[in-house]
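As structure tokens, the structure follows; a few thoughts come after it.
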Amino acid sequence: MPNVFALPVFFICFRECLETSIIVSVLLAFLKQTLGPEDKNNNNASVHKRLVRQIWCGVGAGVAVCVIICVGVIASFYTAGRNAFEAAEHIWEGVFGILASLIITLMGAALLRVNKMQDKWRVKISKVLERRDAKLPIQGRLKRWSEKYAMFILPFVTVLREGIEAVLFIAGVGLGLPATSFPLAVLCGLGAGALVGYLIYKGGNRTSLQIFLVVSTGFLYLVAAGLFSKGVWNLEMHAWVQLAGEGAAEAGSGPGSYDIRKSVWHVNCCSPLDNGSGGWGIFNSLFGWQNSATYGSVISYNLYWLAVIVGFLFLGWKERKGGSGAQPSTEESDDTSSGHVEVAGKKTSDEGIMIGTAVREVK
Amino acid sequence: MALSLSNFLLPLALLLSSTARCATVTYDFDVGWTYANPDGQRTRPVMGINGQWPIPPIVATKGDQVIVNVKNSLGNESTSLHFHGLYMNGTSHMDGVIAVTQCGIPPGSSFTYNFTVDQPGTYWYHTHERGQYPDGLRGPLIIHDPEDPHQDLYDEEIVLTLSDWYHDLMHGLLASFMSVANPSGAEPVPQAALFNDTQDLAVRVEPGKTYLFRMVNMGAFAAQYVWFEEHTMRIVEVDGVYTEPMEADMIYLTAAQRCSVLVTAKNDTSANFAFVGSMDQDLFDAVPDGLNPNVTGWLVYDDSKEKPAPKLIDAFEPFDDFELVPYDQEELLDRVDHSITLDLKMDNLADGANYAFFNDITYVHPKVPTLYTVLSTGPNATNPIIYGENTNAFVLAQNQVIEIILNNDDPGKHPFHLHGHAFQVITRSPDDAGFYDPANTPEPPSTPMRRDTILVRPNGHTVLRFRSDNPGVWLFHCHIEWHVASGLVATIVESPLAVQAQLMDSIPSDHWDVCAAAGVPTQGNAAGNVGDLADLRGANVAPGRIPDGFTARGIVALVFSCISALVGLAVIGWYGFKPV
């Protein structure tokens, strides 16, 4: 199964697609509110139709560009980069694994506050549109173009950004995975993300949605913990291969395939690298299972969870503290904080701030 | 380059002196470090004798008493001398094996080997300290025979030693070989091959004459294919056993094997001919770039003619030594009294290094040399337990037919050597034949080949037989020096009560002196316990086994990891469902 379905890839696609679909849904809802199609008499209907088309064109164009970038990355990886990658395989896998794990960790909490994400985007969009009104008198050509196509640019940029993010994460997570494991995982991730986005748009059953989100966030963190531990494991493995040379590679999963001095457990079976031991591969991608655990991989796994636990408790505590305080100002300050980061053009650090300094989010 | 050759071209006068029986041949060997550069690539420290390297051959005549006075001037290593292939009948204590028949001779100490040679043939001598002889302390040992049945077939004899050669000292090589960084047990690959401890050896021959080439592989590791271009060899002796002459175009000589061949020179002097030794690269884990596995010599008919480069050959097709028939026609020992099965395998132990095992036991030398355990334990000496759990000790009764069934559960070639005996080779399988199964084995020859070192093929087996007519403590081991270090050794305690009768009060005092100087106990069982001989606490043992699967440590780690994951998930759930 790990050969046909890469779980981390699924979760990344799901996560990115969900955010995109939330934005799109917010945009659609916004149009529906301001230029409701029920008012069939005036020309609003045609405007509405045009703007909706703009949105979908934006989404389409974003996806198209993403696909191109994705193809580029894959092509360059499998042509030029493959050798360089294989030479230091364990270092690449280790570093990308740890990076991906950290980023997933920082993004993950946002999934649990999807409604807040919705609010955030609603504020952001209305700001953009308000700005259009405010700046209407100025007749720059560029300005007018961007006014006219705001409904195209917004989803286009969003999709592009989320898409590139997804491509980079997948590249990081999936370095060691077989190419066959990607397509299904990507499709399912995108599908699930779109579905949840649609449910949010429809404002369906909030409770079951929340259950779904919590469960998938839980999985996301399991994956991230595994990635983190496996990243450390990979770095240690690199050091071992440097030391033991071919001997290590030759040994398969038996003695010599690992550094006995750092071993916490080693079972001569159940290796996620063995072909045909599918279950252990799932175990590996889901929970970072290794048939050969090291002090590094075990300790890093536990430290990761410790950090996550402390982080969430801190978030919860801050929310409770903030909740009893100045509630009305939420939207305002939230927007300024994330808007500020937005200007800097760093989406990831935006997400980072959501966890790290969720105070501002909620205040 | 042919400087050393004169050492080996032994005067025929010695052969003719058959009247002078039972002479005493004395050698005074001062073993010390010197420098040498035999392959022209690197000068390195080597263990020489009396400041010389290559070390001198020991030459004697059948029936002679040989006395070798050894002084260890190495300064930094203990040493010993083992006379490879000599049966040492009645003088097991002169076999020279450290921790088995003596204590190592510590730096500054002296030791005398004194024995009678009653067997003619081609032998060699080398130190039997752990992994030491590849540093250079090995040389040929030739016992001439006034009654040599082949003496009319040749005019002159030439000793031709073969060896692999390392540029680094064994001490460092052993440390990296037996280390956690070498989990596959890849043996260090030699840097060169040598003929008579040099390369491009010129051997002057006269047309029409027949020469007896006494070939000895003194290498640490590599077996060598040997052939003479456009000359046919006739094998007349292997490992000190005369054989019916048999023709061979190429022979295969493992480490420690010897083979004497007759080569008749051509009748014209129009050209010189190369002869080649080529290391068997199947033994090497990885062949380094730039390794020249070959060493070349020339049969020089005419000094003024060129020495042609050896020709490439299509394939190695050596003579199968199993075909040989001993000259004395000794018949098959067909009633086996005691059969010993040794299953060979390689595996890693808890220190991460790769070890070699007989029947799941890797050899670790006992605290008390095994011979001294025999001598100090009275009637208990027949109990194999007292020799320690890591010595693979087998106690043999006197005058029985002993069979060793060796199953090689390893994809490597191994040359096995038995001290104190030449054995009959009953069967030897091709590669990958698996373990010995009598039902599937061809009838043994009626007069089987005998020798003291036998090649066992990858994942194959061999069966050896001998009569336990030589009381003593004898090792049976792979003669790849790396595998001696990794424990591919068994101890044969042959007729221990007879050993006591022979040697009880006749161990020379220098034997006890070197033990005292080295601080090695000489009484009691393998652990040095004198009172309760079954008590082996404190004995030398191998590192523990690598545990299969989970140990307590692993279970704790896994449970702890699961708990922290579950708590983490619970916290995420709490946060996720918390009303905002």
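A Cβ is built for glycine as well, from the same backbone N, Cα and C atoms used for every other residue.
TrEMBL does not curate its annotations; it predicts them automatically.
What TrEMBL records for B:31-147, B:156-303, B:363-496 is domain 'Plastocyanin-like'. If you look up TrEMBL, you'll see B:1-22 marked as signal peptide. Here TrEMBL flags B:555-577 as transmembrane segment.
Per-residue pLDDT, averaged across the domain 'Plastocyanin-like' (B:363-496), gives 96. Here the domain 'Plastocyanin-like' (B:31-147) is broken down by DSSP into helix, strand and coil counts: 6 helix, 52 strand, 59 coil. Counting residues of the domain 'Plastocyanin-like' (B:363-496) by DSSP class, helix then strand then coil, yields 25 helix, 49 strand, 60 coil. For the domain 'Plastocyanin-like' (B:156-303), the number of residues in each DSSP class (helix H, G, I; strand E, B; coil) is 11 helix, 71 strand, 66 coil.
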